[in-house]
Amino acid sequence: MRLYELSFAQIEDFFYKLAEVKDIIKDHGLLEFLPEFKKLDSTVHTGTTRVKHAFPIFQKGGVVMDITNVQQAQIAEEAGAVAVMVLDKLPYDVRKSGGVARMADPKIIEEVMSSITIPVMAKVRIGHYYEAKLLEALGVDMIDESEVLTPADEEHHINKWEFSVPFVNGARNLGEALRRTSEGASMIRTKGEAGTGNVSEAVKHMKIINSEIRSLISMSEEDRVKKAREYQVPYQIVELTAKIKRLPIVNFAAGGIATPADAALMMWLGADGLFVGSGIFKSQDPDERAKAVVLAAACWEYPEIVLEAQKMISEQKSMMGIDIKSLKPEELLQVRGL
């Protein structure tokens, strides 16, 4: 059987089990009887493509929460979030305040990093190479080159291959997802429409990506070559996507997720995990809502458990949502960064 005939989950499970076997052998003091295992370099090499792509895999099935301070970070960790994303303002407030949205204050990021044990991510403006270099120097676990912040470069994204820290990027369709992947992103998330509390755009983007992957699978090689040109990506990445029948990297859902039901819906549509922004901390019940969303994401296959999660919150305490149709074209964040 060829490697590309295995599913993503099968490959992931194999490497997890291989690591477990090595740990068991080491714990029982048997390495001296297995010289080949002793030769394996146990040093962690940061910055390699393998390491950068592996980190997001460990976030699969979990929820990353947007936060602006230490208190919110601690609530997220207590609720079971797999990571936090530090911003200067939550997306809802970015939308309301207008002006230029930039990277969060490094001092706040450091305070968050020292107060919790889960990974800490932070956002940079699209194309802002030096904001990314600062976050890399700061030691964050992942960088989000985000359309929520005001783009620094309207035409180009950061060349992420130059960094030792992994990046996540947003996408509305397969072309955007593969372009970001070819630039060195280690994770993709649907863009949705951040700061609205309206999950409809995240649903649309996830369905578009899934549909375009299905179309890719059924194409001839000649048509895939044409599609690679259309997407402006190397043919090999298109071919790999078709063969493994999914994006080559982890794909999370984001944009407008506000309730446990929203979380379960996006997981049901095929998301590997979730980013939840304003939906938690712009609600009136952030502690319970954070726990409920994490529970729903983890147990989305069991409606009875998601129902219990939904009962943990009050709809009357949910953030005030924004109808996408009421937004002017220039108010849409998702169109930033193609």
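The backbone N, Cα and C atoms fix where each Cβ goes, glycine too.
If you check Swiss-Prot, you get these features:
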BINDING   D66, G195, G256, G277, S278  D-ribose 5-phosphate binding site
ACT_SITE  K123  active site, schiff-base intermediate with D-ribose 5-phosphate
BINDING   K207  D-glyceraldehyde 3-phosphate binding site
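A simple way to gauge crowding: the CB of D66 (D-ribose 5-phosphate binding site) has 29 other CB atoms within 10 angstroms, across all the protein chains here.
Under the DSSP three-state reduction, K207 (D-glyceraldehyde 3-phosphate binding site) is assigned to helix.
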